[in-house]
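Have a look at the structure below before the remarks.
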Ligand SMILES: *[C@@H]1O[C@H](CO)[C@@H](O)[C@H](O)[C@H]1NC(C)=O
Ligand SMILES: *[C@@H]1O[C@H](CO)[C@@H](O)[C@H](O)[C@H]1NC(C)=O
């Protein structure tokens, strides 16, 4: 358990695309952070950032607070449409699509058993910015699937000025019963585009392409609070680093595959248990467990 908590507090920051290479350029400029350190002004700056955070803006990235739910799941709010319709979603690096329940979800005779029943449902008729796509969508997670049809609308990250126009999203008409027990409305994928001809651009990549963010990176900071629900339980920073919560030294790890956020592990160490091997792992903000070969996980569990 402790190992999980450690992971939950771990800040990860990975570069999108291949710009890691450009970072190594010898003509590299001093970053704002380094300059502030050199001038002895970093504390002053961090204080200013904390203040500006209240309005969701900072000079380096767009900041969104997320709710820590029992250190088990982390949720953020988004809106779709104009006027805005609000949804609570998992900000999930382990998938690449955005979907929310559609107003037609659960409106048939199966209403009493529908997983959509207590959720916010998107109504395209009240949105001025909605455009129809109409193609079918279906997405499977480890826990169950969601299906319906696709549409386009303006997506905004709650509490920020970051709004992505013309975002493809799924209007779910059917949800697996797993979702009935979850307090979330939908899921926002922060993974990479699927490699199919008709694949939609995931929201953050769409934001990058529309020139809405300073840098093509986002930073995840998840807090550890224990049981309970904490609305300020973590921070997602879009378009920049998180200078308040990131350490001074940032190590860049190349992705081995850009589908999930997948990278090489040299080994694992928990207390006195060490394993060294060339595994590949994914970093998944939408999962609440450490998965791996049983023989290793059992040894970790035994010392945790
Ligand atoms: C999301 O919205 C709900 C309802 O307005 C609110 O109670 C909750 O605190 C919000 N959470 C975050 C992290 O913004
Ligand atoms: C909206 O996005 C789709 C693909 O995601 C694209 O085909 C279409 O041209 C875009 N429309 C506008 C108005 O930008």
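Counting begins at 1 with the first residue displayed.
Yeah, the Cβs are placed from backbone N, Cα and C, and that goes for glycine too.
Keep in mind that TrEMBL annotations are predicted by a computer and have not been checked by a curator.
Mapped onto three states, the DSSP output places residue 92 (active site) in strand. Per TrEMBL, active site is recorded for 92 (among others).
Other C-beta atoms found within 10 angstroms of the C-beta of residue 284 (active site) number 19, with every protein chain shown included. Sequence annotations record features per position, and here TrEMBL assigns active site to 284 (among others).
Look at TrEMBL and you will find 105-116 tagged as disulfide bond. Using a 10 Å radius centred on the Cβ of residue 116 (disulfide bond) and all shown protein chains, the other Cβ atoms total 25.
Under the heading domain 'Peptidase A1', TrEMBL lists 74-304.
Summarising the annotation, TrEMBL assigns signal peptide to 1-19.
The recorded positions near ligand 1, defined by a Cβ under 6 Å from one of its atoms, do not include any of 92, 105, 116, 284. The local packing around residue 105 (disulfide bond), expressed as other Cβ atoms within 10 Å of its Cβ over all shown chains, amounts to 23.
Nearest Cα neighbour of residue 92 (active site) among the listed recorded positions (105, 116, 284): 284. Between the alpha carbons (Cα) of residue 284 (active site) and residue 116 (disulfide bond) lies a span of roughly 25 Å.
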